[in-house]
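As given in TrEMBL:
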BINDING   B:Cys33, B:Cys36, B:Cys51, B:Cys54  Zn(2+) binding site
DOMAIN    B:29-288  domain 'CoA carboxyltransferase N-terminal'
Amino acid sequence: MTQTMTAAEVVKAARSDQKVTGPELINGLVTDFFELHGDRLGSDDPAIIGGIGRFHGQPLTVIATNRGATPEEKMATHFGCPSPGGYRKARRLMEQAAHFHRPVLCLVNTPGAYPGQTAEENGQGAAIAQNLLTLSQLPVPVLTVIFGEGGSGGALALAGGDEVWMLAHSTYSILSPEGFASILWKDSRKADQAAELMQLTPTALKQAGMIEGIIPEPRDHQKVIAAIDKVIAPRLQALQQLTVPALLAKRQQRYRKF
Amino acid sequence: MKLYEKANTLSERVVKVDPQADERVPEGIYRRCPRCQTVFAAAQMDQYQTCPQCEYGFRLAAAARLAWLVDTAEPFDQDLQTKDPLAFPGYPTKVAQAQARTGLNDAVWTGQATIADTTFYLAIMDPTFIMGSLGTITGEKLTRLIERATAQRQPVVIYTASGGARMQEGIHSLMQMQKVAGALAQHHAAGLLSIVVLTDPTTGGVTASFAMEADLTLAEPRSLVGFAGRRVIEQTTHEQIAHDLQQAENVLRHGFIDQIVPRAEQRTVLVQLLKMGGRQDDANNDSC
């Protein structure tokens, strides 16, 4: 039961190997999925999987983070930390979705954007920044589900849209609790204490008005997929009823209040 | 073992140390450049506070930068008060101290400014205010400035200097990235010009939002510009990274900065860009 979990326990559950994965969610939520690779600027980051598919019969663009299943995949995806090319692939697919008037569904579970020399050289900051600009003006509905870790700017780059929902055992934060404790108290062992303070659990975030709601997370992955579907299907439908100016005004307002 | 006795060492026998010597040398008579390591007399430093050897610009409080950058400055939103959304221990005190030291309400100065006869909206982040971190009020002041600029059809110039997100405000700080981005996107969509000047240091959540979203991106010589911290990169990759990886000159070589502009040239360059960089059919009036 979520209500009885401490923030540190939620952090642990969000990082669990037993969690539903990005590819599982895509296959469970979307039919006729067709993956689209590459950022068209020289790279294809496996930490971001994107493509088109049908959601309740209707075409939609889906973008998911991928932590990899095998050791090789985990290395290639940097354990789910996207590189600039991943964010640029996501941005390309968002713009394509806008061009063809289909909504965008983002599925996020990432410790954060990858911190590496090549990532810096290729403009990790700029890649995320451009996604934020694109998201704020994208003329189609964008809905995000955080299904594990929502790590900082690396998660925000896929969560700056109309609505953000979270699975019960997930987190969304400015930094890992370990990093937070290390910066503020010079002691990463105080991570559990940091977690309590950071308002990173779905319950705390809902209370602070940061997210639209919490999706229950049973152990069985098929049930998790069904629970997500049940929540997002009516939400996507409702967002699609809005005119573009109304949608964008509502989105602007969502962030303006923070 | 007389050889190892302290009284028998060279320093004890020969060198006469004057324990008061340090106290007679006034503070701050010499400066060391953190980039090229040159030590020079502080008196050699010009009004721009740049290293005489390598042109690195020392970190400046917003008020110090404002003093040489503009001819007139009218501040906005000085009354907004920083909140403490996480009830973070010691945070209100830290803010109060930074406010007393800088004369600002948060980590950015915003207002309307002129250089010669050119008017624009200006933001200057203050690296001496909790490392120039992006708090809620930092983001709110920037957003209001950009919104005003959009409504008044004015260009915006933003000087960035930031350690990134404001840890003590947690997720509330993260949301500022998207809030400011939203305002900049509207400013851009209205066909108006934005210029960012990256100064030392520009990192983290600020690099990943408005620092990298302007139409024109300038930087000060040898300033640190990056996303992840050096220590984080080295701990993650277990590799030592190049010393100049996050230096503005290297970031320019990789295509993310238009030009490096020393402080002494910034007034001239800003006027030139403000006059010719935007739409010529929209001279601060009519249209739309």
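In case you wondered, yes, glycine gets a Cβ from its N, Cα and C as well.
Within the same chain, residues at least 6 positions away in sequence whose Cβ sits under 8 Å from that of B:Cys33 (Zn(2+) binding site) are B:Val39, B:Phe40, B:Cys51, B:Gln53, B:Cys54, B:Tyr56. Cβ proximity to the Zn(2+) site centre (mean Cβ of B:Cys33, B:Cys36, B:Cys51, B:Cys54, cutoff 8 Å) flags the following additional same-chain residues: B:Pro34, B:Arg35, B:Gln37, B:Thr38, B:Pro52, B:Gln53, B:Glu55, B:Tyr56, B:Arg222. The local packing around B:Cys51 (Zn(2+) binding site), expressed as other Cβ atoms within 10 Å of its Cβ over all shown chains, amounts to 22. Residue density at B:Cys36 (Zn(2+) binding site): 12 other Cβ atoms are found within 10 A of its Cβ, drawing on all protein chains shown.
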